[in-house]
């Protein structure tokens, strides 16, 4: 009887709320009883608001009760009839969207649909269709909000560590090379585990290949900034008498497991060349020790192929290639939306994904491949949401490429992020409101329009001399720095959970709430 009464009251509540929304009951009582959502009812007036929504285009099929019930039934049937693949995965591909928060996923999904001429909210990203999902905690041993180094160590090595650390445990303190060179503090990664199992291995990124995310797969350093020897010199590293302090690039080319990688594709050519040499893009090398690590790699891999642009990458005979090194920029690869106009010879992430899989798939024992959409994070740091979302869609296309080239029965594909960002989708924009534009319905309390996407922290507040918000109508562009609340030189990471998606053998192990990123 108690249960029946409880559900009756719930039913009564929803009936009452429905009557209120459609104006059958007096709306004022809701505004008083629920002050936190008062703006839904009286910000522009009930009649005006209802008229606004009625004038919006709602797809005809979505007006039908049957449409939503059939969609729910279809989804349930898919889940019920789906089977768990408990076989051991032959291949593993880990896709990392650096800084790809849940808000980023939502906004990118909407942008994808709007680019296709739809309202956007109903759109689906490639990895949205993966059968298993979960949430991942991202904190580090000394940080509530993480950076990309301690998180990379967690998901590639299985051990949480301090902020800025790569491939070492939490006994290592920042800038202490003596600590990081201590073998007792160094930890192995999945790259090394895969190599010991006889599998081929590869790393792909749109950042420098010595950047934090890929580096945890092969390096052990007390500061993620030590990408080359000059970086060590400029950060005040603590090095004991007679001790060697190897930078990340040198560890990649000369130490295990980096030197055994079959595929290395990304940016950062300057980190591998001495300062007296000019790289393929017209920039001077950054190394002061005189080492040419590209020459070193070619000497150790005489049959290996070194490429510098898309044209060279497309000419590679993958059937005959066992080792592939591609460095496509002096620093990070350019944002795709800029590269397609300014650097057409720069490969896209999906091009590098295809090349990596084609190179690695020849191994009968399988492979491990790490693929990072690294510049999602950079777009958010610049609070240029258009770049961040476009890079997310590039990332999504690379995932589709991997799906097209692999067999779900033998390849486990995992998609996740290392940390969040402070971007939010704000206010009550209507269905189909341009996700990169202004909220077409709401104004702030001073009657000024505001953008749908905003950041908590960033460089631009758009205030006049009296501290009043500016009208952003004339500021909207693909290169726009989106507004933020707290002024800082750049946007920062956020500390909430990130999502994880999995498909393939044992993908069900990733379906949970509250995973730590070390268990991902």
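Placement of Cβ uses the backbone N, Cα and C atoms for every residue, glycine included.
Annotated in TrEMBL:
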type: TRANSMEM; residues: 7-25; note: transmembrane segment
type: BINDING; residues: 98, 211, 213, 372; note: Mg(2+) binding site
type: BINDING; residues: 98, 377, 381, 418, 419, 493; note: Zn(2+) binding site
type: ACT_SITE; residues: 148; note: active site, phosphoserine intermediate
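Of all the binding-site residues given, namely 211, 381, the one with the smallest number of surrounding CB atoms inside 10 A is 381. Counting in whole angstrom, residue 372 (Mg(2+) binding site) lies 12 from the residue listed as 'active site, phosphoserine intermediate' by their C-alpha atoms. The CA atom of residue 419 (Zn(2+) binding site) is located 7 Å away from the CA atom of residue 148 (active site, phosphoserine intermediate).
Cβ proximity to the Mg(2+) site centre (mean Cβ of 98, 211, 213, 372, cutoff 8 Å) flags the following additional same-chain residues: 96, 148, 152, 205, 206, 207, 212, 214, 373, 374, 377, 418.
It is 419 that, of the binding-site residues 419, 493, has its Cβ surrounded by the most other Cβ atoms within 10 Å. Here is what falls inside 10 Å of the CA of residue 418 (Zn(2+) binding site) among the recorded positions 98, 148, 211, 213: 98, 148, 213. Comparing residue 211 (Mg(2+) binding site) with residue 381 (Zn(2+) binding site), their Cα atoms are 15 Å apart once rounded.
Long-range Cβ contacts of residue 213 (Mg(2+) binding site) within its own chain (separation 6+, distance under 8 Å): 96, 98, 148, 152, 205, 207, 370, 372, 374, 418.
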